[in-house]
Amino acid sequence: MTVRIAINGFGRIGRNVVRALYESGRRAEITVVAINELADAAGMAHLLKYDTSHGRFAWEVRHEREQLFVGDDVIRILHERTLADLPWRELGVDVVLDCTGVYGNREHGEAHIAAGAKKVLFSHPGSNDLDATVVFGVNQNQLRAEHRIVSNASCTTNCIIPVIKLLDDAYGIESGTVTTIHSAMNDQQVIDAYHSDLRRTRAASQSIIPVDTKLAAGITRIFPQFNDRFEAIAVRVPTINVTAIDLSVTVKKTVKASEVNQLLQKAAQGAFHGIVDYTESPLVSIDFNHDPHSAIVDGTQTRVSGAHLIKTLVWCDNEWGFANRMLDTTLAMAAVGFRLDASASTKL
């Protein structure tokens, strides 16, 4: 069965989802039938074709009126502001990928369902009343047909959760701290300008800027046993893509850095292949641009202090890796089937 998807919001993640779909050769599994975006069709086509981070799209892209052509495929373009008025029923949409970054609670998800979609996947952390939050590679096997409104968590949650799971399963994590070193985002300023967050009033290209993060909450959403045992901070740096995460955990068992690296490398080659990668090459952030993994462990930076404190550095392409996980989770949601008569009876 080919899953019919619609994309709501054609920004960084929405466009990368389309690019990843075509570049990964999954068009036999997923078809994009519509994109809802307030911008005009000419701008949508141009930004899909030309991308500063990811280069020129290999597929032919053009638009005619309210249709976007990617190769021989035709995608309907919509400019609807009201979710309930979207024509998902008419278009036979199976899953809406809501990539706006604006919507994320159950009411928003139910609006997509009322418009005719069978399921909804948010490209960002959602409210607690959603049916499930999925980090693909860790908990997607717990999805059920009744999970209709789902969050794909965040790019940083997808990056760090697999590594936390591996370390916890092997050594038993007592507590941890996380520092996210994140590329600049579109909620920052090109030059100094007003923003409700005074730090984000400053030019993104000229400073390392501390910002708030809910990553600790994202960790406990997936692993409730770590409630009040993880803290996180984040800074934005003057690059346009790729993120590094500094993870420090205190563990119950004694361990050596070489053992940690052996564990993570084995996982990258085995159970977490395609989700986690491992490198000991002397690489920098640009080298991970367009990498489809959720997490790339930099084994050269692993440290152990006092036999119980582990520090690791984990990279991710916060756009491309996450866009690929959106596709993975979409297929996982479709694989368990569609239950149309009721909302979820059990939460994940």
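Yeah, the Cβs are placed from backbone N, Cα and C, and that goes for glycine too.
Taken residue by residue with DSSP, Arg12 (NAD(+) binding site) is part of a helix. If you look up Swiss-Prot, you'll see Arg12, Ile13, Arg81, Asn318 marked as NAD(+) binding site.
For Arg236 (substrate binding site), the same-chain residues that are 6 or more apart in sequence and have a Cβ closer than 8 Å to its Cβ are His182, Ser183, Ala184, Met185, Gln188, Ala204, Ile208, Ile209, Pro210, Val211. According to its DSSP assignment, Arg236 (substrate binding site) is in a strand. Here Swiss-Prot flags Ser154, Cys155, Thr156, Arg200, Thr213, Lys214, Arg236 as substrate binding site.
Under DSSP, Cys155 (substrate binding site) is assigned to a helix (H, G or I) in the three-state scheme. All protein chains shown were included, and the count of other CB atoms within 10 Å of the CB of Cys155 (substrate binding site) stands at 24. If you look up Swiss-Prot, you'll see Cys155 marked as active site, nucleophile.
Within 10 Å of the C-beta of His182 (site 'Activates thiol group during catalysis') there are 23 other C-beta atoms, taking all protein chains into account. For His182, the entry in Swiss-Prot reads site 'Activates thiol group during catalysis'.
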Arg12, Arg81, Arg200, Lys214 as binding-site residues, winner by CB count within 10 A: Arg12
C-alpha spacing of Asn318 (NAD(+) binding site) relative to Ser154 (substrate binding site), in angstrom: 9
Residue from Arg12, Ile13, Arg81, Asn318 whose C-alpha is spatially nearest that of Thr213 (substrate binding site), among the binding-site residues: Asn318
Those binding-site residues listed as Ser154, Thr156, Thr213, Asn318, and which of them has the most Cβ atoms within 10 Å of its own Cβ: Thr156
Number of other Cβ atoms within 10 Å of the Cβ of Ile13 (NAD(+) binding site) across all protein chains: 25
Within 10 angstroms of Asn318 (NAD(+) binding site), Cα basis - binding-site residues out of Cys155, Arg200, Lys214: Cys155
Cα-Cα distance linking Arg81 (NAD(+) binding site) and Thr156 (substrate binding site), given in Å to the nearest integer: 29
